[in-house]
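I'd like to ask you about the structure that follows.
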Amino acid sequence: MRIAMIGGGYVGLVSGACFAEFGTDVAIVERDPKRLEALRKGSIPIYEPGLDTIVATNTQAGRLTFGDDLSTAIENADAVFIAVGTPTRRGDGHADLTYVYDAAAEIARTAKRGLLVVTKSTVPVGTGREVARILREARPDLLFDVASNPEFLREGNAIGDFMRPDRVIIGIDESGPDQGISAKDALRELYRPLYMIDAPIVFTDLETAELTKYAANAFLAMKVTFINEMADLCEKVGGNIHDVARGMGLDERIGPRFLYPGPGYGGSCFPKDTRALTAIAQDAGAPTQLVEATVAVNEARKIRMAERIIEQAGGSVAGRTVGVLGLTFKPDTDDMREAASIPILHRLHDAGAVIQAFDPEGMTPARALLPEKIRYCDDALSAAENADILVVLTEWNMFRALDPARLKTAMRGTAIADLRNIWNSDTMKAAGFDYRSIGRV
Ligand code: UDX
């Protein structure tokens, strides 16, 4: 098979490379000249474990190519995937669909024969149908099938998630020229390696597929937010949040995953998708109050984390040195989008803190988003050097391995605000720290 992938961003690049790994010929169309040049040279613009290897292998095998011309890419393609960005639209929280509709219009302009068009970007309910309308209105002479195949990749684990997914959701427009029969066949063929490992592949309609993606992300965001609230409660009434989470998670109906407390969820998906879902639901006259509360609680939490640090530093951080370990929204990524570190460090900076930080991958993107005055350090111990308080914002494995005695010697003060619970409370207290973590004493 042969497919074209519009968009060489995170989703387009990972899924394009993985489809190529499955044996499909993949032509990625990327319009940003800098990004395209980097990709052509084999340099991967994002940090994702394992991605560089499969991009290199498949480029060398000739299965994965990069270009900026859609008409060449779709010339012999069986399907074209739309994997462009859907950022939050300013003002109303809706997803901005400009790039998706532009891609559909361009497919219509350049196609020489009928095609299967698949949206991979996270899009509101109704987008697939609108894509079908755009294609069929612009080119009544051609037969287009439209499908929605949302992506559930987690950053840092994207290759594994693609190769061994919990499920694949495929929504097909059955009002199309052949009631979606050929679309179904083509997508079955494309995902054939996953049938071999018995991964559930769920065929449904366009709207259901689109909503499933939002519902799944909103539910997970809610799960994280719930455990964060329980953690706060543990701190007030006593109790250990990890034991509470374990006890809850052993109930198979709840499950143990996504019950780790922290400074509030961030990233490129949860914040954007929860906002978009609440906007869709409000417009539809069926507001999702639980999701609205999740969004508000999570935003407020990030600010509250800064207050908590200030309080632990004795009520003021003015002129005091705050060492920071971790900046990205989670480990194993260089992604800083909507990271809890952004509002927290802005607040600490405004309160007069002298901030020195280290993150193994996120320091370059962080510079554009964090206060200018932050000093970026070469390693974790340098970030702790002479710090009055040390704050853990991302649970990179390398931080877990730090020797408490060496940290103690490096720091000026003894306060540690571990917002990811990476260390054992007893060990840190025994080492002489005023150690505070989330939801446990
Ligand atoms: C998420 C979804 O998991 C994925 O299926 C979807 O395709 C895209 O959005 P991702 O944004 O990569 O993936 O990150 P994820 O691992 O889900 O974490 C999101 C945020 O929640 C992070 O800030 C993380 O630190 C936080 N989180 C997650 C917690 O605080 N506690 C948890 O137990 C789990």
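Cβ atoms are placed via backbone N, Cα and C, with glycine included.
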For the NAD(+) site that TrEMBL assigns to R35, T122, E155, K272, R337, which of T72, T86, T225 is also named?
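So the NAD(+) site in TrEMBL includes R35, T122, E155, K272, R337 plus, from the candidates T72, T86, T225, T86.
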For the substrate site that TrEMBL assigns to F152, L153, R154, E155, F258, L259, Y260, P261, G262, G266, K330, which of K112, K213, K373 is also named?
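That substrate site, as TrEMBL gives it, pairs F152, L153, R154, E155, F258, L259, Y260, P261, G262, G266, K330 with K213.
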For a three-state summary based on DSSP, what are the helix, strand and coil counts in the domain 'UDP-glucose/GDP-mannose dehydrogenase C-terminal' (323-425)?
32 helix, 18 strand, 53 coil
Residues with Cβ closer than 8 Å to the Cβ of L259 (substrate binding site), same chain and 6+ apart in sequence?
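Listed in sequence order: K223, V224, I227, A245, M248, G249.
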Please give me the binding-site residues out of R35, T122, E155, K272, R337 that lie within 10 Å of K213 (substrate binding site), comparing Cα atoms only.
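Within 10 Å Cα-Cα: T122.
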Counting Cβ neighbours within 10 Å across all chains shown, tell me which of the binding-site residues R35, K272 comes out on top.
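Comparing the binding-site residues R35, K272, the most crowded Cβ belongs to K272.
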Please report the DSSP secondary structure of K213 (substrate binding site), reduced to three states.
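Helix, per DSSP.
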At the level of the C-alpha atoms, what whole-angstrom distance separates E155 (NAD(+) binding site) and G266 (substrate binding site)?
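Pair distance, Cα basis, whole Å: 12 Å.
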